[in-house]
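Peer 1: Quick one: this structure, given as structure tokens, is what I'll be asking you about.
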Amino acid sequence: MFGPVAIAVVALFGTFGAWHNQPDARGPGPLGVLLLLAGPAALLAARRRPRAVLLAVLAITLGYLALGFPYGPVLLSLAAAVIVTVVRGHRAFAWLTAGVALLGVQLIRVGLRGEDFSWFGLTATIAWGLIVLGVGELIRLNRARQAEWRRARAEAQRRRASEDQLRVARELHDVVAHHMSLINVQAGVALHLVDRRPEQVELALTTIKDASKEALTELRALIGVLRAEGEDAPRAPAADLAGLAPLINRASQAGVTTTLEVDGDLDDVPAAVGAVGFRIIQEAITNVVRHSGATRARVRVTVGPGTLDLGVTDNGHGPGPNPVPGNGLRGMTERATAVGGTVRLDDGPDGGAALVAHLPWGMDS
């Protein structure tokens, strides 16, 4: 609204000022004033119907000049209509109409107003038209870049949200599946032994208490990630390979005698890779306890030059010829892929399953 009003004010007062320097021009009487105001009035609909408005403003402008009224800001409405049409995406139409306008102005000057033909005047008119079109193109390109930037930012936000949801889903699966599996197994042991071997019930209940406490701690830390940015949230230590010993101990308490073999210095492993390695081993042991029927399991961790190799084997019934990957195996694969690694599930040497993971991080991987 402000733009058309400003153009109307400039056109009206500017034309009367320019008239004093054009003694041969016809004075802008009521009809001239009406035409001067008609162009800005038409611009009010330019965003909705840019091409129709451009044609209307072109007719008003050429009619004004053909009637002999003075030159001046009357051309502002035409320039604004051309720019809006370009910005709204009707580029070819705007360029064609601008060419018709330039030709029409020259014909009116020479044919109707009796002015001498001037190459300078023609060049100036063409230059004016190109400047107007150029301004329109610059505005269009700038808006297109801004729209693309907004789309890219929205897509990045959606991608980050999706990645955060996936990460939270993996963490929830790891925490719930592992700890709840141990609690379930130990609760079953406690119920089975409560009458016959009551002295072992205390050990089972202690394991349940420890597992549930650790699960709650990890869940609180995970919920903290979901809090609003800037809000204080509890933070627990991130999962890393230093937590393997308690993990192995809990698996043994659950009835699967588990051993841990470490080759290399775990402190050399970057935190991100170590966290992935811990979660993979945790999920593998959870699967052994829940599904394999094994009585023994072995965890092997090898730290090499720029690599972390993991192996989890058991003496259970194994994955079978055509294993169907569940959420656990899928989550392990996704975690490994995120750091450029791989996970493979095969038949083990003792008749059970053998899970092998390779996680690189260095130049030598």
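Each Cβ is built from the backbone N, Cα and C atoms, and glycine gets one as well.
Got these off TrEMBL a minute ago, pasting:
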TRANSMEM  27-46  transmembrane segment
TRANSMEM  53-86  transmembrane segment
TRANSMEM  92-112  transmembrane segment
TRANSMEM  119-139  transmembrane segment
DOMAIN    279-360  domain 'Histidine kinase/HSP90-like ATPase'
REGION    310-329  region 'Disordered'
Peer 1: Taking residues 6+ outside the transmembrane segment (119-139), which of them lie with a CB under 8 Å of any CB in it?
Peer 2: 75, 79, 82-87, 91, 94-95, 98-99, 101-102, 105-106, 109
Peer 1: Using a Cβ-Cβ cut-off of under 8 Å, list the residues of the same chain that are 6+ residues beyond the ends of the transmembrane segment (92-112) and lie near it.
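Peer 2: 51, 54-55, 58, 61-62, 65-66, 68, 78, 82, 85-86, 121-122, 125-126, 129, 132-133, 136.
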Peer 1: The transmembrane segment (27-46): which same-chain residues, six or more beyond its ends, come within Cβ distance under 8 Å?
Peer 2: 1, 3-5, 7-8, 11-12, 15-16, 19, 52-54, 56-57, 60-61, 63-64, 67, 69-70, 74, 76-78, 80-81, 84-85
Peer 1: Treating G and I as helix alongside H, and B as strand alongside E, what does DSSP give for the domain 'Histidine kinase/HSP90-like ATPase' (279-360) in helix, strand and coil?
Peer 2: 26 helix, 31 strand, 25 coil
Peer 1: If you average pLDDT over the domain 'Histidine kinase/HSP90-like ATPase' (279-360), what do you get?
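Peer 2: Reported value for the domain 'Histidine kinase/HSP90-like ATPase' (279-360) is a mean pLDDT of 86.
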